[in-house]
């Protein structure tokens, strides 16, 4: 028997049909619109045979199980973002407790750098070792890191454990999106990714609230004592609920498949680039030998990384083909710019509220709800729109447009700005973020190959984190340099000036200097204004870059390529070629279903990316694909190339006889016109 993959003429679903030696065939259904062969031993970058066989981990679930697994993924995403942003409002208190007022920004920077360094790796690791195993490792890492943060006695210990938290959080957010992409179809993916985006906003809301509540009433350490068991619950849920399609191959084969040169070069490049960028202007002088040498080394390894990925890696962590079209390149640029703007807001809005407005941690967290709650709501709405309408471009345009309006409004903030201006600015920005985060991801998946699904997600998250790290470093330098320049013009006591310059992110106690309070707050306001002005054109650039994104609907890259090919083949057939240019052993389906070819030597049938082997088809049958068959192979049974193919839904179905090798399927009676 030979197998053939096609779809119903009414629904965007793939139907696998097996035609045996009688005019009957079993039918099974797979609800995914994405199609690729399982265990394809193909070098994904160069099309050559690879020693490691990639395993298709698509695992479409029945609805009841889907809701359970997706709920677990949503909970993991919530915990991850609670952990990432829960300590932002507590940093001033942590700095005082650990005597680290001049270095406390590294509590956030260390996690973000570690997140960025490892983010690019998770896609390929999950391809090689399986989603479940890698997921369990990163969740256990998060639990251990949070326990370490809770027990930290020095700032150095805290920064190290926050770095491990960053490694784990990067894996959790990335793998959650990959798993959801495995268990739902592309058409439904916008809806489910939208709910995940809502969990991001919810985590960004709950985390600061819990951090503020624990800091003011218990201790900042209590935040981590809460997050650690929540992470443990994630591990238990993943272990018992997440289904696993374990990739084939031995542990040695899997270990050899890792792109070690790429991993080494990317890690060295990012560390050597981000550390001086994060500390330049505040902890290190920009023209110091250390900063210059680290930037040069990082730049060299960054170039080496892309050379390795493009020309030498057999299984690259970041295949350069994901930048190969204008649309995909624009979407990846979105990720970098979006990371700069979004992380800048997350870190510098609370600073404005606490340092300049003098609000408590709880009030600052409450004001931030205007942004993150709106983000959560609009993410769900935009995801529903994507799934129902099958389009994404107008959502992305609207998102970056309204985000730009909010960023412009933020540039008019003053020390005494009224609440209406603040709230509407945050509402507009939150709505914009909600319409950009997940729709850009769904668009990138729709425009890329199925086998690139995991690396598209990890690369996109990596670029967003990289943009965030660079953006925070630049914003930090802008604020520090603005404060220095502004305070030099004021007649401040030297001890107060040195105190501010050494720790620009932690407002000193001005009760001892009441006469200088307004001057210091004005300097902080000018610095924050400069940061907001810097972020505004970044968002505007995202809007401009969107013109390069094309909306082809929620179809897979393979399906669009197949349709383009068959349209060309149909044109040839209608122009009178009558299949004359087909090579021996081929059959052409000249409608919108792709090219069907048979290799007579291996007795195999190919449809698109799918292959089915065994015996030839019987004489006098019609393949259940809507279209017209043409063939010129003597090895094929005779058939009229003008026979009209009966639509699948017109076939009569009956149970297979007990002797059938596919007894779990259904018999389809082939009908001829």
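Backbone N, Cα and C define each Cβ position, glycine as well.
Given the structure is predicted, the values throughout are model-derived calculations rather than measurements.
Between the listed ranges 67-87, 487-507, 508-528, Swiss-Prot ties the annotation transmembrane segment to 67-87. Swiss-Prot lists region 'Disordered' for one of the ranges 446-483, 636-673, namely 636-673. Per Swiss-Prot, the range carrying the annotation transmembrane segment out of 28-48, 133-153, 343-363 is 133-153. Counting residues 6+ beyond its ends, the transmembrane segment (133-153) has Cβ neighbours under 8 Å at 76, 79-80, 83, 98, 122, 125-126, 160-162, 164-165, 167-172, 175, 179, 221-225, 227-228, 231-232, 234-235, 238-239, 242, 244 in the same chain. Only sequence-distant pairs (6 or more apart) were considered; of these, at least three Cβ pairs between the transmembrane segment (465-485) and the transmembrane segment (529-549) are under 8 A, so the stretches are in contact. No contact links the transmembrane segment (222-242) to the transmembrane segment (103-123), because fewer than 3 Cβ pairs that are 6 or more residues apart lie under 8 A. If one looks beyond the transmembrane segment (261-281) by at least 6 residues along the same chain, the residues whose Cβ comes under 8 Å of a Cβ in the stretch are 105-106, 109, 113, 116-117, 120-121, 290-291, 294-295, 297-302, 304-305, 308-309, 312-313, 316-318, 466, 469-470, 472-474, 476-477, 480-481. Cβ neighbour counts within 10 Å, taken over all protein chains shown, single out 526 as the most crowded of the glycosylation sites 217, 526.
Counting Cβ pairs closer than 8 Å and at least 6 residues apart in sequence, the transmembrane segment (67-87) and the transmembrane segment (529-549) reach fewer than three and form no contact.
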